[in-house]
Structure formats: C-alpha cells, structure tokens
Ligand SMILES: CCCCC/C=C\C/C=C\C/C=C\C/C=C\C/C=C\CCCCC(=O)SCCNC(=O)CCNC(=O)[C@H](O)C(C)(C)COP(=O)(O)OP(=O)(O)OC[C@H]1O[C@@H](n2cnc3c(N)ncnc32)[C@H](O)[C@@H]1OP(=O)(O)O
Ligand SMILES: Cc1cc2nc3c(=O)[nH]c(=O)nc-3n(C[C@H](O)[C@H](O)[C@H](O)COP(=O)(O)OP(=O)(O)OC[C@H]3O[C@@H](n4cnc5c(N)ncnc54)[C@H](O)[C@@H]3O)c2cc1C
C-alpha cells in the first residue's frame with residue numbers, strides 16, 4: 001500500500017473495531033485483545049491510552065463530566081501533544097506558552113519559535129479533533145512551568161484546522177508499513193485562545209482573577225499518563241518478543257543444515273548449541289517479561305488506589321519501576337527481534353518472514369514514552385537516593401528492600417559449589433542482589449567524590465545506567481521466581497517454567513559477566529559452573545521448545561510469517577509468496593526494452609568489433 005492507502009485502511013480498521021466493541025459489546029480486556037489483532041498503530045492508541053487517561057488523571061470532576069462522555073463515545077477524538085521539535089525528553093524544557101488573559105478569561109496558546117512546534121504526537125497529524133496540549137503556564141508575566149490543557153484543533157463540521165492553528169503529518173518513518181499507519185503530527189499555535197476552564201485543573205488552578213493556585217499534591221502527578229502507558233508497554237514487550245521467538249523457534253525446528261550421515265537427513269538447526277544459546281534466552285525473556293508485566297500491572301493498580309487516598313509514598317517507586325522496566329524490556333525486545341531475524345538466516349530477511357515488519361513497528365518503543373537511557377537515569381537517581389538514605393533509619397521498601405540488607409550483601413560470598421546450585425532460587429537471587437547493590441553503592445561512592453553532585457552525576461552517567469539496568473534485571477528475575485512459588489496449573493508446566501527462569505537468570509550472568517566478576521558477586525569458577533548449568537538447561541528445554549512457543553497461542557494470521565507457520569510447511573509457501581510478487585507478474589520485466597536490452601546489445605556490438 002502507498003502511505004495514503006495504508007493510512008486510510010487503518011482508519012477503516014479502527015472504525016470497524018470501534019463498531020464491534022459497541023455492537024458485540026466487548027469488555028475493556030476484550031477490546032485490548034482486539035487492538036492486538038488489529039495489529040497496526042493508529043489514532044485509537046493515543047485516544048484511549050493517553051488522551052482519555054490524561055483527562056481522567058488531571059481533570060477536575062467538572063472537566064471529567066464535560067469531556068469524558070464525549071471522548072468515551074468518540075464524539076471527539078483526542079491525542080497527547082507533549083513533545084516538541086526541540087524538546088522531547090526534557091519536558092520542563094518545552095517552549096509552547098499558555099498565557100492567561102484576565103480581560104477575556106482565556107489562555108492564549110502560542111508557539112514562539114520553530115522548535116516549539118509540537119512534533120511527533122500520534123493521531124495529531126490528520127485525525128484528532130482535540131488534544132491534551134502541554135505548555136508553559138504564564139500568569140501576570142510569571143512562568144509556572146508546564147501544565148496540561150484541553151484544546152480543540154479542528155472544526156467539527158468539515159475537519160479543517162481552526163484559525164490560529166497550523167497542523168500536518170511529520171512524514172514517512174522507518175520501515176515500509178510499520179508505524180506509517182499512524183499520523184504523527186506537527187502543530188503550531190498563533191495566539192490561539194481557549195477558555196480558562198480548559199486548563200486541566202485537578203493539580204493546580206488559575207482563578208478568574210488570574211491567580212495561580214499551586215497544587216498541594218506532587219507536581220509529578222502531571223506525568224501520570226506516561227507512568228500508565230509505560231506499564232502497559234512492558235506487557236506489550238512480552239507479546240512482541242514471544243511473536244519473534246515463536247517464528248524463530250518453529251523455523252529452527254524446520255530448517256536443516258549440515259550433519260548428514262551416509263546421505264541421511266541433515267541436522268535441525270535448533271539442535272546446534274549456538275542456536276540454543278541465542279534462541280532459548282529470548283524464549284525465557286518472553287515468559288519473564290510477561291510475569292513482570294503482570295506484577296507491574298498490580299503495582300500500578302496499587303499506587304493508583306493509594307493516590308486516590310492521597311498516599312503518595314509509593315509514587316517514586318512506581319515511577320522508577322515503570323520507567324526502568326519499560327526501558328529494559330523494550331531494549332531487550334528490539335534486540336531480540338533482530339536476533340530472531342538472524343536466527344532464521346537469509347529467509348529471515350524476507351518480508352514474508354514477518355520479522356522485518358515486526359522490528360520496524362516495534363523499535364520506536366525504545367524511544368517513545370521516554371528514551372530508554374533517559375528513563376534508566378531516572379532509576380539511577382532513585383537508587384542513589386535510596387543508597388544515600390541507608391543507615392538513616394528509613395528502611396528501603398518494595399523493590400529496593402534488598403538494600404536494607406546492605407551490610408550482608410556487600411560482604412557475602414556466593415556459596416555456589418556445583419552447577420546444580422545455580423538452580424537454587426535463594427542463591428541466584430542473592431547473586432543478583434549483591435551485584436545490583438554493589439554497582440549502586442560503587443556509583444554512590446564515586447559520586448561522593450565530587451563536590452558538585454550534579455556534575456558528578458553527569459560524569460558517571462554510563463556507570464549509573466549500568467547500575468540501573470542491574471537493578472531492573474534483579475526485579476525481573478525475582479518476579480519470575482515469585483511466580484514459580486505460586487500455583488501453576490498443568491502437569492509438568494512448573495518444571496518447564498523453572499527451566500526458563502534459570503535460563504533467563506544464568507544467561508544474564510553470562511552476558512554481564514564483567515559486572516558479576518568485578519563486583520566479586522561470583523568467582524570465575526562459579527561463572528563457568530553457571531555456563532555448564534545453562535547448557536544442561538538448554539538440553540532440557542530443547543524437546544519442549546516448540547510446545548513452549550505454541551503455548552503463546554498465536555494464529556498463523558496473527559504471526560504473518562511463512563517461516564513461523566504452525567504446520568511447518570515452509571518451503572512450498574515461500575515459493576507461493578515469491579510468485580505473488582508483482583515483479584513476477586511478467587516473465588520479462590518492465591524496463592527490459594528500455595535499459596537491459598540496449599545494454600546487452602551494446603556489449604554484443606563491441607564484442608563483434
Ligand atoms: C503495534 C504492532 C505490533 C507489534 C507490537 C506488539 C504488540 C503491541 C500491541 C499493542 C500496542 C498497543 C499499545 C501500546 C501502548 C501504548 C503506546 C501507544 C503509543 C505510544 C505513544 C507514545 C507517546 C509518547 O511518547 S508521549 C511523550 C513521552 N515523553 C516522555 O516520556 C518524556 C520523558 N521525560 C520525562 O518523563 C521527564 O522529563 C523526566 C526525564 C522524568 C525528567 O522530568 P523532570 O520534571 O525534569 O524531573 P526531574 O528529573 O527533575 O525529577 C523531578 C522529580 O520527579 C520525579 N519524577 C519524574 N517523572 C516522574 C513520574 N512520571 N512520576 C513520578 N515521579 C516522577 C523524579 O523521580 C524526581 O523525583 P525526586 O525529586 O528525585 O524525588
Ligand atoms: C513513534 C513515535 C511516537 C511518538 N508519539 C508521541 C506522542 O503521541 N506524543 C508525544 O508527545 N510524543 C510522542 N513521541 C515523542 C517521544 O516521546 C520522544 O521522541 C521521546 O520522548 C524522546 O525524546 P527526544 O526525541 O527528544 O529524544 P532526545 O532527548 O533528543 O534523545 C536523543 C539522544 O540524546 C540522549 N539524551 C537525551 N537527554 C539525555 C540526558 N539527560 N542524559 C543522557 N542522554 C540523553 C538520548 O539517550 C538519545 O540518545 C513519539 C515518538 C515516536 C518515535
């Protein structure tokens with residue numbers, strides 16, 4: 001499809017999905033499933049995941065009563081317009097202004113520079129009638145920082161932009177189809193006025209007289225929509241990883257190379273330890289991210305209930321966990337999808353493998369909803385704060401509770417003696433805790449050598465990101481172990497999940513061996529025992545690998561991959577796909593007479609000369 005066709009087709013699908021949701025009707029959970037099977041980014045994502053939650057989280061009761069019924073019936077379509085051409089990560093650096101005019105009781109929205117143009121918001125370019133806009137609030141010449149506003153963008157009769165608004169699509173993005181189904185947009189305001197009551201005023205207010213009344217709750221609640229979406233992105237990482245792994249595992253069982261004895265059949269590539277060493281940790285990650293995603297959903301629900309009761313105590317942890325896990329799981333999944341493509345050899349590079357499209361549509365997850373490095377630095381700040389409070393009498397809680405055992409964890413030596421000890425959950429956990437704590441404490445010690453803490457933080461950014469990642473990996477490992485401690489239905493399922501849990505943990509030890517050795521969390525002998533155990537786990541997973549990806553229950557239609565077909569009938573179907581290519585419509589290609597023939601004839605003439 002051309003970009004225009006792709007975009008229009010996504011509109012068609014989105015509206016059809018909305019019709020089904022209402023007619024059947026579908027529950028919220030079922031609607032989310034429908035979104036997965038629709039399988040294309042589109043304006044609905046931003047409307048439901050960001051526009052509506054932003055109003056719910058930041059609007060007053062009156063504002064919710066006015067706007068939510070319209071949004072819930074999709075009589076207005078909204079997006080989330082925060083990022084600008086010049087600033088995305090640095091939200092406090094946004095330039096768009098919303099200046100209160102007491103004469104007219106309105107805010108004047110203005111884009112003072114080119115870099116202040118809104119740039120990237122999905123659904124903004126062509127579809128949205130409304131947006132939640134983030135802009136600097138100015139009253140009586142004073143800048144109160146960034147606040148949210150509900151703004152109508154387009155005429156409800158003919159969809160034309162309202163006077164004072166310049167709007168459009170930002171152009172083609174990475175890949176062929178992928179995220180190009182979405183109208184990521186730009187937007188400029190030229191002194192565009194909105195009524196005062198369209199500032200989202202649950203957190204802070206501007207009175208009729210133009211007085212700014214700051215909020216008595218943490219200002220970070222303005223970032224609540226991002227926290228909510230980051231949480232959902234973690235579960236989505238599992239879905240995308242599982243999809244790539246399903247394709248690569250099934251194909252690895254079909255594909256044979258080398259190893260033929262006396263003219264017999266060759267070896268299935270899944271039997272090569274190198275293939276297993278690349279594939280099975282990704283299979284384990286797909287399961288691990290699913291479990292940590294379930295836990296994160298619980299954490300998010302818990303913090304939301306606490307916030308409703310004005311208990312803000314767990315907000316920093318919820319922010320650190322959603323930011324860190326969003327970052328860690330999306331980075332691992334993007335890399336994992338690409339690894340799966342390589343695991344499928346040359347055929348993985350074919351469009352019909354399903355992997356190039358999956359990669360192209362997935363990889364912006366490392367950037368949207370917070371650049372992954374910027375988000376890990378938020379985790380690092382949280383960790384440095386926690387370390388600095390150790391010994392102050394305030395015991396760390398939740399995911400940092402392990403830091404409360406700092407004295408032990410800084411000194412302990414791993415008691416792993418044989419390979420099987422690596423299947424002991426307490427020993428594995430302690431290894432990850434020791435490594436994470438020691439990296440965090442080492443950063444804190446290095447920071448303390450700087451007179452200026454911010455300067456020190458800048459100098460140590462790379463180490464801080466690594467410490468944050470170590471902490472996030474510990475969370476994933478520990479939630480997988482907790483999952484195994486609970487009830488798991490199905491004969492033998494627990495054993496399979498145990499194998500995957502330890503593959504997940506031990507492959508991380510192998511991959512980040514430098515961290516584990518340099519922090520003395522393990523010795524080199526214990527590292528080789530871990531490798532030994534890892535190989536043994538691969539052998540145990542091998543007979544069940546295909547069943548473990550079948551368990552994701554993805555249809556062939558959803559996978560969209562010739563290589564990942566359930567029936568394994570890969571080669572005939574690759575031919576079928578090839579023959580469908582428009583280049584094969586004719587035997588002699590268009591362009592032959594224009595270019596190829598004259599070229600060949602010219603050579604023939606020179607040869608005769
Ligand atoms: C699709 C096809 C198929 C393949 C995929 C398969 C499946 C997918 C299927 C379906 C997918 C469906 C849906 C996916 C779901 C949704 C995705 C949809 C679309 C995505 C669109 C993306 C939209 C966007 O990108 S919106 C824009 C996002 N922008 C950002 O994230 C900006 C990042 N920057 C920031 O957040 C901040 O600027 C900052 C970096 C945190 C810094 O903020 P600042 O105020 O300057 O803070 P400071 O560092 O000084 O800290 C102050 C203080 O505040 C605390 N803090 C910061 N943030 C928060 C927070 N959010 N909550 C709570 N507290 C916060 C911080 O810790 C400090 O605390 P303290 O003072 O140290 O105690
Ligand atoms: C597909 C897609 C959809 C999007 N949808 C929306 C949307 O609906 N609404 C919306 O408002 N926005 C949206 N965005 C914008 C997105 O949220 C931003 O792109 C994202 O927050 C990253 O910000 P940035 O582009 O400014 O990156 P930058 O911050 O410019 O990052 C560039 C580089 O600088 C590094 N960097 C930046 N700051 C630091 C620092 N302090 N320390 C160390 N390194 C640093 C980063 O790691 C990165 O390597 C979307 C983006 C994409 C790609």
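Along the chain as shown, residues are numbered 1 onward.
Glycine too: its Cβ is placed from the backbone N, Cα and C atoms.
For 1-77, the entry in TrEMBL reads domain 'Acyl-coenzyme A oxidase N-terminal'.
For the recorded site, residue 122 (FAD binding site), the DSSP three-state label reads coil. If you look up TrEMBL, you'll see 83, 122 marked as FAD binding site.
Sequence annotations record features per position, and here TrEMBL assigns domain 'Acyl-CoA oxidase C-alpha1' to 223-384.
If you look up TrEMBL, you'll see 369 marked as active site, proton acceptor. Following the DSSP three-state reduction, the secondary structure of residue 369 (active site, proton acceptor) is coil. Counting every protein chain shown, the number of other Cβ atoms lying within 10 Å of the Cβ of residue 369 (active site, proton acceptor) is 24.
The domain 'Acyl-CoA oxidase C-terminal' annotation in TrEMBL covers 424-601.
Cβ neighbour count for residue 83 (FAD binding site) (all protein chains, 10 Å cutoff from its Cβ): 18. Less than 8 angstroms from the CB of residue 122 (FAD binding site) sit 41, 43, 45, 46, 79, 80, 182, 183, 184, 185, each of them six or more residues away in the same chain. Separating the Cα atoms of residue 369 (active site, proton acceptor) and residue 83 (FAD binding site) is a whole-number distance of 10 Å. Each residue in the domain 'Acyl-CoA oxidase C-terminal' (424-601) has a pLDDT score, and their mean in this model is 97.
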